[in-house]
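Trainee: There's a structure below that I have some questions on.
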Amino acid sequence: MPSENEPKSGKSTIEIWIVEDNARFRNATVRGLRLLADDVVANEFSNCEDAIAAIDEGNSPDVFLMDIDLPGIDGIDGIGEIKQRLPDATVLILTVFEDDEKIFRALKAGASGYCLKSDSIARVCEAIEQVLQGAAPIHPRIAGRVLKMFAELAPEQPDYGLNTREQTVLEAMTRGLVRKQIASELDLNLHTLDYVTRCIYRKLHVNGATAAVALAIRERLVDPPT
């Protein structure tokens, strides 16, 4: 993975914990990640309980790659257990499930993104890079439904006082664009973009990109992607 996407911890490697009970898929994912990104250190767990035990021993990764349908504690409940221990944990869902109920529960539990097992390993690597930069990648086939799902829960659109530039930046964030992509698309320098982003967080009363995107989706602050 590119050096500009250095993990939050400042390490020269990116540590990924893959929580997946299908050994064949888990091993294939690990091999694919290592082939595409030589700075990846991948640890494998077949269930949430083992991953939680590793956390309790004082370990933590840069990113959790989490299945939903797991034996024992499922992936969604596992997010809650992980967040209790590591409130700032980055959890990227990687699953076959596309039904609204599981998507909603996973995002509500604190998932930072939602990918499908049908995605290429290159797309999964891209999603990992995005969450490390604070974006919230969601599979394109699901993104529109997520917006609709949360829109149905918010009959009225509140006014947070976002100006046109802030609205445009927030919309780009909901499309999964990361900092440099947004700056390039909107022809902004990074200093200006960072200032606008801080203004968005302040007006929305959130602490980061994932929370801002979730709020924008839930309260219909942006139009669904076309």
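Including glycine, each Cβ sits where the backbone N, Cα and C put it.
Given the structure is predicted, the values throughout are model-derived calculations rather than measurements.
The domain 'Response regulatory' annotation in TrEMBL covers 15-132. Here TrEMBL flags ASP67 as 4-aspartylphosphate. Taken from TrEMBL, the feature domain 'HTH luxR-type' applies to 155-220.
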Trainee: Please count the residues of the domain 'Response regulatory' (15-132) that DSSP assigns to helix (H, G, I), strand (E, B) and coil.
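Mentor: Counting residues per DSSP class in the domain 'Response regulatory' (15-132), I get 56 helix, 24 strand, 38 coil.
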Trainee: So how many other Cβ atoms are close to the residue listed as '4-aspartylphosphate', meaning within 10 Å of its Cβ?
Mentor: 24
Trainee: What does the DSSP secondary structure composition of the domain 'HTH luxR-type' (155-220) look like, as residue counts for helix, strand and coil?
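Mentor: Taking each residue of the domain 'HTH luxR-type' (155-220) in turn, the totals are 44 helix, 0 strand, 22 coil.
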Trainee: For the domain 'Response regulatory' (15-132), what's the mean pLDDT in this predicted model?
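Mentor: Across the residues of the domain 'Response regulatory' (15-132) the model's pLDDT averages 93 on the 0 to 100 scale.
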